[in-house]
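Right, one structure below, let's go through it.
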């Protein structure tokens, strides 16, 4: 694992309707992420936050379009800025750790990574597939579309954001923790043969086997692996402070083991840590769990 980490705060709520998720990066900082990583011997530079350019007092519905893509222009502007910062971070030899913010930010993080990897792999650790487009999305919220967009499915201008074309091949994606997939997403997964571990699969196989199969699958085909972790991948009893919780998720201990195994693989090149919403949280416990998850990715062990 790269021991030189640059923290990028992606303080966006444009991809969904709830206030508060744009406060996630600062909540994670308040929970001590910089100090925790430094205690593990990691060199940490906090690059601060990229912020949106609208008045939060005006609410979230700043742009409602006929094509079922809410806040489209704001999402595009924000992710273009994020992609440039991620690109520069990797170009300077650092590991980009992107703190969200809603999951639409992955459009930008993956676009920024694409300049440096010909066969970028993605581990999508989440309750949701985020593989919708404007036709299949029941809400029009772009935080339900970033992986599909990055794979070349959906709005062409978002697909071509920062650099023309798809950023990730569908066969280089692994979905972990799935338990709330829309019908269009299920069809896309089957049509493209995306390796998917639902929560039922995880309960049958165990998280250790799932992570072993994930890394075996990706290691031979990918020259870098991006981890995109939504805290709603965990059960709401563990991470209540998130906008789209789904019961029956992963435990913290399972996630700690998963992160430890990814650390030992030495193949993870970047990470999103997203959808922490302190306005929905209980005493900042979700942000604290996010810090714990990051610590295990960067080498923390129980003994």
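The first residue you see is number 1, and the count goes up from there.
Heads up, the Cβ atoms here are built off N, Cα and C, so glycines get one too.
TrEMBL does not curate its annotations; it predicts them automatically.
Look at TrEMBL and you will find 103, 128, 130, 230 tagged as Mn(2+) 1 binding site. Around residue 103 (Mn(2+) 1 binding site), taking its Cβ as the centre, 32 other Cβ atoms fall within 10 Å, counting all chains.
Residue density at residue 126 (Mn(2+) 2 binding site): 28 other Cβ atoms are found within 10 A of its Cβ, drawing on all protein chains shown. Residues or ranges marked as Mn(2+) 2 binding site in TrEMBL: 126, 232.
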Cβ within 8 Å of the mean position of the Cβ atoms of 103, 128, 130, 230: remaining residues of the chain near Mn(2+) 1: 106, 124, 126, 127, 129, 143, 144, 146, 147, 228, 232, 244, 274, 275
Subset of binding-site residues (103, 128, 130) lying within 10 A of residue 232 (Mn(2+) 2 binding site), CA to CA, in sequence order: 128
Other C-beta atoms that fall within 10 angstroms of the C-beta of residue 232 (Mn(2+) 2 binding site): 29
Where residue 230 (Mn(2+) 1 binding site) sits in the secondary structure, as DSSP reduces it to three classes: strand
Cα-to-Cα gap, residue 126 (Mn(2+) 2 binding site) vs residue 230 (Mn(2+) 1 binding site), nearest whole Å: 5
